[in-house]
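Student: Pulled the feature table from Swiss-Prot, pasting it below:
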| type | residues | note |
| --- | --- | --- |
| BINDING | LYS152, ARG154, LYS189, LYS196, ARG248, LYS272, ALA281, THR284, ARG286, ARG290 | DNA binding site |
| MOD_RES | SER70 | phosphoserine |
| MOD_RES | SER76 | phosphoserine |
| MOD_RES | SER92 | phosphoserine |
| REGION | 189-193 | region 'Core promoter DNA-binding' |
| REGION | 244-316 | region 'Necessary for TATA box-bound TBP complex formation' |
| REGION | 249-252 | region 'Core promoter DNA-binding' |
| REGION | 283-286 | region 'Core promoter DNA-binding' |
| ZN_FING | 11-42 | zinc finger |
Amino acid sequence: MASTSRLDALPRVTCPNHPDAILVEDYRAGDMICPECGLVVGDRVIDVGSEWRTFSNDKATKDPSRVGDSQNPLLSDGDLSTMIGKGTGAASFDEFGNSKYQNRRTMSSSDRAMMNAFKEITTMADRINLPRNIVDRTNNLFKQVYEQKSLKGRANDAIASACLYIACRQEGVPRTFKEICAVSRISKKEIGRCFKLILKALETSVDLITTGDFMSRFCSNLCLPKQVQMAATHIARKAVELDLVPGRSPISVAEAAIYMASQASAEKRTQKEIGDIAGVADVTIRQSYRLIYPRAPDLFPTDFKFDTPVDKLPQL
């Protein structure tokens with residue numbers, strides 16, 4: 001809040017001829033230009049983004065930026081911290097010849113913890129191809145939880161994993177606990193515990209997941225044609241409407257529907273293949289399948305083209 005008020009207090013640069021025009025910033029030239037008349041209103045504009053050139057000993061290091069990372073509004077100081085580069089004099093090395101100052105930062109411990117969590121969140125999101133908006137929402141959730149100190153005693157990695165799970169749910173692209181678990185070092189049970197604690201601490205909620213939330217992705221990963229995906233979606237929806245699967249998770253119902261639809265088509269998939277995609281055991285699929293199998297004739301869409309008749313489907 002303090003940094004925002006300081007920015008608001010600064011005089012606003014405007015074009016004298018067009019005061020309402022939004023100025024265009026040319027960072028290469030360092031100018032601020034009026035788009036209406038082309039007048040250069042301000043010069044020597046400072047670019048607060050990263051400068052991706054290497055200046056430290058003319059060698060490319062892990063982080064080759066000259067002025068550090070771009071501003072991060074989630075950190076207390078916007079991450080405008082000081083970076084101490086490697087020295088060249090004798091005083092820069094200890095008695096064993098090791099550098100004393102290897103990219104040290106004057107950053108608070110809380111900001112350092114959040115930065116580490118943000119990096120872990122980005123890494124996890126990249127592994128399961130999640131877009132940037134999911135990462136941003138996850139970072140915001142983590143910051144709220146961290147500043148409230150409501151989950152003391154829980155590992156930051158576990159909190160970050162749970163925040164990622166919540167962000168996916170809130171953005172309408174849910175992932176399973178096992179999918180999040182697979183890209184983190186945290187157990188499914190611990191992520192689940194943190195998930196419940198975070199919802200309570202932030203007084204927020206997530207929409208209930210449905211079979212449709214996973215159907216498209218599961219079928220795509222199984223390389224199933226559109227007809228099978230549509231049939232599986234129809235089967236799962238009808239099974240829920242007819243109350244055939246009380247107490248079963250939407251994920252297991254979706255997988256059972258995919259198994260039934262694929263077995264009735266020419267593109268058959270085994271229980272193991274389907275289970276591997278969603279991280280669910282074969283027995284879980286079988287339990288849900290057995291519940292919907294007796295009503296199989298009522299579950300398929302009327303225009304479905306059977307390769308295997310309903311009465312020939314596996315009974316398990």
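Heads up, residue numbers simply count up from 1 along the chain you see.
Cβ from N, Cα, C; glycine included.
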Student: Other than its close neighbours in sequence, what residues sit by the region 'Core promoter DNA-binding' (189-193), given a CB gap under 8 Å and a spacing of at least six beyond its ends?
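Tutor: Tertiary neighbours of the region 'Core promoter DNA-binding' (189-193) are 154-155, 158, 161-162, 165, 177, 180-181.
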Student: Checking the spread of the DNA site as listed (LYS152, ARG154, LYS189, LYS196, ARG248, LYS272, ALA281, THR284, ARG286, ARG290): what is the longest Cα-Cα distance, in whole Å?
Tutor: 44
Student: Which ones in the same chain are close to ARG248 (DNA binding site), with CB under 8 Å and 6+ residues apart in sequence?
Tutor: GLN287, SER288, LEU291
Student: Which whole-number mean pLDDT does the model give the zinc finger (11-42)?
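Tutor: Averaging the confidence scores along the zinc finger (11-42) gives 77.
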Student: Quick one, of the binding-site residues LYS152, LYS189, ARG286, which Cβ has the fewest other Cβ within 10 Å?
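Tutor: Minimum Cβ neighbour count within 10 Å, taken over the binding-site residues LYS152, LYS189, ARG286, occurs at LYS152.
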Student: Using a 10 Å cut-off, grab the number of neighbouring Cβ atoms around the Cβ of ALA281 (DNA binding site), all chains included.
Tutor: 12
Student: List the helix, strand and coil residue totals of the region 'Necessary for TATA box-bound TBP complex formation' (244-316) as derived from DSSP.
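Tutor: Reading the DSSP string over the region 'Necessary for TATA box-bound TBP complex formation' (244-316) gives 44 helix, 0 strand, 29 coil.
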